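Sequence annotations record features per position, and here Swiss-Prot assigns carbamoyl phosphate binding site to Arg72, Thr73, Arg122, His152, Gln155, Gly281, Pro282. Among the features that Swiss-Prot reports, L-aspartate binding site is placed at Lys100, Arg185, Arg240.
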Amino acid sequence: MTPTLAPSSRVQLTDSGKLRHFLTTEHLPRSLLEDILDTAASFVDVGGRAIKKVPLLRGKTVVNLFFESSTRTRSTFELAAQRLSADVLNLDIAKSATSKGETLLDTLRNLEAMAADMFVVRHQDSGAPFFIANEVTPNVAVINAGDGRHAHPTQAMLDMYTIRHYKGGFEGLKVAIVGDILHSRVARSQVHALNILGADEVRLIGPKTLLPVDAEALGATVFTDMAQGLKDVDVVIMLRLQKERMDSALLPSEAEFFRLYGLNNDKLLFAKEDAIVMHPGPINRGVEIASEVADGPRSVILNQVTFGIAVRMAVMSMAISGQDSDMSAAGGAHGQR
């Protein structure tokens, strides 16, 4: 896993402590993470209304900058922005000027000239959203939609929302994160968020070849045995094998991985009877999770997707609000770029 890329609380927060950018869960105050969850709770029912919109970002422009493909994540960000009444621009990186030699910085400057208010950034390189946040003008918010192996903070927060929804809080909870921890930006963000929110214990379970050397330094207990790692946990979060990021030598075979670390009903018996099962998606059935579990009564995977829209609405609205208040405090007029 990648080390901290910047003093993240200073980059992400306004002088008054409001959200300015959302780049990582690391080092953020507990009160802010709880504010995100509380704000998301107010948006959950929007999807069930006849008119699925609130006017909080009316007149704002959100640009999705996805340098790494992800239909699911981009779609939920797009839907979240639309439900906030924002205008949304999806930049096709493969056909954009960046693929023709224009630098990332030049692309940003051109988008800023179009009066963009927010960039949602997904990039294959760790740290790219930090770079963008440091380069944009003060009235543009940046949301990290996943960067390299480093962080995926909105995924972590929708997972935190799901846990709080089903468990009522975090105190006393034992949470197991299972699978390809080494390549998972989601796992890193989850560990930070769980520790900040007061979980009793965070466990990382996987083969030694797929566990980062700094796992315990993150504030997690490491297990290589599923029976020991799942014993009496309240939440099981399964992660997919990121074969596109790994050397084949790290994994004997998918069948062997499933035998040892795939979650089926037999292995789930080691967890508490009321333990919930989560997965950030996409799911590889028969590799990290059996269909009997993914589709079973303890699975809350589909609800994670539903909650994800509300959480991203919360983050986007809070970041824009923080930017606007920061500009007002500085005496600047929003729109001067």
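Backbone N, Cα and C define each Cβ position, glycine as well.
Computed from a predicted structure; not experimentally measured.
Under DSSP, Gly281 (carbamoyl phosphate binding site) is assigned to coil, being neither helix nor strand in the three-state scheme. Across the residues annotated as binding carbamoyl phosphate (Arg72, Thr73, Arg122, His152, Gln155, Gly281, Pro282), the two Cα atoms farthest apart lie 16 Å from each other. Sequence-ordered, the extra residues of this chain that approach the carbamoyl phosphate site, with Cβ no more than 8 Å from the Cβ center of Arg72, Thr73, Arg122, His152, Gln155, Gly281, Pro282, are Ser70, Ala145, Gly146, Val186, Pro280. Around Pro282 (carbamoyl phosphate binding site), a 10 Å sphere centred on its CB holds 9 further CB atoms from the protein chains shown.
Counting only same-chain residues six or more apart in sequence, the Cβ atoms lying under 8 angstroms from the Cβ of Arg122 (carbamoyl phosphate binding site) belong to Leu65, Phe66, Phe67, Glu68, Ser70, Thr73, Arg74, Asn144, Ala145, Gly146, Asp147. Remark: of the binding-site residues Arg72, His152, the most isolated position is Arg72 (fewest other Cβ atoms within 10 Å of its Cβ). Under the DSSP three-state reduction, Arg122 (carbamoyl phosphate binding site) is assigned to strand. Separating the Cα atoms of Arg185 (L-aspartate binding site) and Gly281 (carbamoyl phosphate binding site) is a whole-number distance of 13 Å. Straight-line distance linking the Cα atoms of Gly281 (carbamoyl phosphate binding site) and Arg240 (L-aspartate binding site), rounded to a whole number, equals 7 Å. The DSSP secondary structure for Thr73 (carbamoyl phosphate binding site) is helix. Gln155 (carbamoyl phosphate binding site) sits 14 Å from Arg240 (L-aspartate binding site), counting Cα to Cα. Applying an 8 A CB threshold to same-chain residues 6+ apart, the list for Arg240 (L-aspartate binding site) reads Gly179, Asp180, His279, Pro280, Gly281, Pro282, Ile283, Asn284, Val287, Glu288.
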